[in-house]
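Chemist: Below you'll find the structure I mean.
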């Protein structure tokens, strides 16, 4: 293993081995568990994406664009993880240096920030509308997103600079950008979630079915938003609290999937409501499609006497306005006739006595 290596490279290999084998099961197991979790969530994402594209023919272009960006970038992150795992455990098997210096891993934040930003913009637009189109709220959330994006882009740049020049100032800049990346994303997620939940809660009308739908949307929001938020908090703890271990690999590998699953879950729930998909054994309602033509004429069933269809249809189809006017004229005529009719009282109290 030491053939062809300089004394500096040998010393670095020994230091990397000592660091990795300090808790080898935990450190190596984190890589396997993180890649497995990402693969599992990728399967969930693909399944939900197929369902979305089945029912999204009439969805807005904004929603389609967000789904396309998030799924494509997240799928690219999965491919990147597979390549990196082959590099660590196949091509460089038996070496410890690749685990200590993983220059490619620093660019994972770029692949993670793309679906995260698209997801946050998607739900920022929803929070903006639910909160009465509050421009202040929208500007605050967008500012947090920009801080997160700047930190994610600046982190790999300062990392490369730190490898070339072991400067204390560059190290502090890298730590500050890491704080900006994670804190900006976490603040935006919390504010978006709180705004949407508050807007949904205020939209309750008192009607049973409407309130039931609102509660269902709130539950879906909580269930899908909690995982990425918790993952960011765990990332914070692992990066700054357990820097001697490789525990931060798990939240670094997997954060691209929960936001995408969140977006697809929300859009699929919305599509289910628009398509009238039944829940809990309820009957699916019948909706008119674009190719269906509505006619006020009754569609006659097949008659056993084989009468002509035209013989039982009206020659002139009255409209609702014509029928309404006909009823009014009939009521007026009947009331007018009442004045001249000899209507005898049934009790005899109002009859004129002769």
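Glycine is treated like the rest: Cβ placed from N, Cα and C.
Below, the features straight out of TrEMBL:
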{"type": "TRANSMEM", "residues": "28-46", "note": "transmembrane segment"}
{"type": "TRANSMEM", "residues": "67-90", "note": "transmembrane segment"}
{"type": "TRANSMEM", "residues": "136-155", "note": "transmembrane segment"}
{"type": "TRANSMEM", "residues": "175-201", "note": "transmembrane segment"}
{"type": "DOMAIN", "residues": "186-252", "note": "domain 'DUF6534'"}
{"type": "TRANSMEM", "residues": "222-242", "note": "transmembrane segment"}
{"type": "REGION", "residues": "269-310", "note": "region 'Disordered'"}
{"type": "COMPBIAS", "residues": "287-305", "note": "compositional bias 'Basic and acidic residues'"}
{"type": "REGION", "residues": "323-354", "note": "region 'Disordered'"}
{"type": "COMPBIAS", "residues": "323-340", "note": "compositional bias 'Basic and acidic residues'"}
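Could you give the neighbours, burial and distances for every feature on this list?
Modeler: Distant neighbours of the transmembrane segment (67-90): 31, 34-35, 38-39, 42, 45, 49, 52, 56, 98-99, 102, 104-105, 108, 111-112, 114-115, 118-119, 253, 256-257, 259-260, 263-264, 267; these residues of the same chain sit at least 6 beyond its ends, with a Cβ under 8 Å from one of its Cβ atoms.
Tertiary neighbourhood of the transmembrane segment (136-155): same-chain residues 106, 109-110, 112-113, 116-117, 120-121, 124, 127-128, 173-174, 177-185, 187-188, 191-192, 195, selected by CB-CB distance under 8 Å and a gap of 6+ residues from either end.
For the transmembrane segment (222-242), the list of distant contacts is 116, 178, 182, 185-186, 189-190, 192-193, 197, 248, 250-252, 254-255, 258-259, 261-262, 265-266: same-chain residues at least six beyond its ends, Cβ to Cβ under 8 Å.
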Chemist: Other than its close neighbours in sequence, what residues sit by the transmembrane segment (28-46), given a CB gap under 8 Å and a spacing of at least six beyond its ends?
Modeler: 20, 71, 74-75, 77-78, 81-82, 85, 88-89, 245-247, 249-250, 252-254, 256-258, 260-261, 264
Chemist: What are the DSSP helix/strand/coil residue counts across the domain 'DUF6534' (186-252)?
Modeler: 55 helix, 0 strand, 12 coil
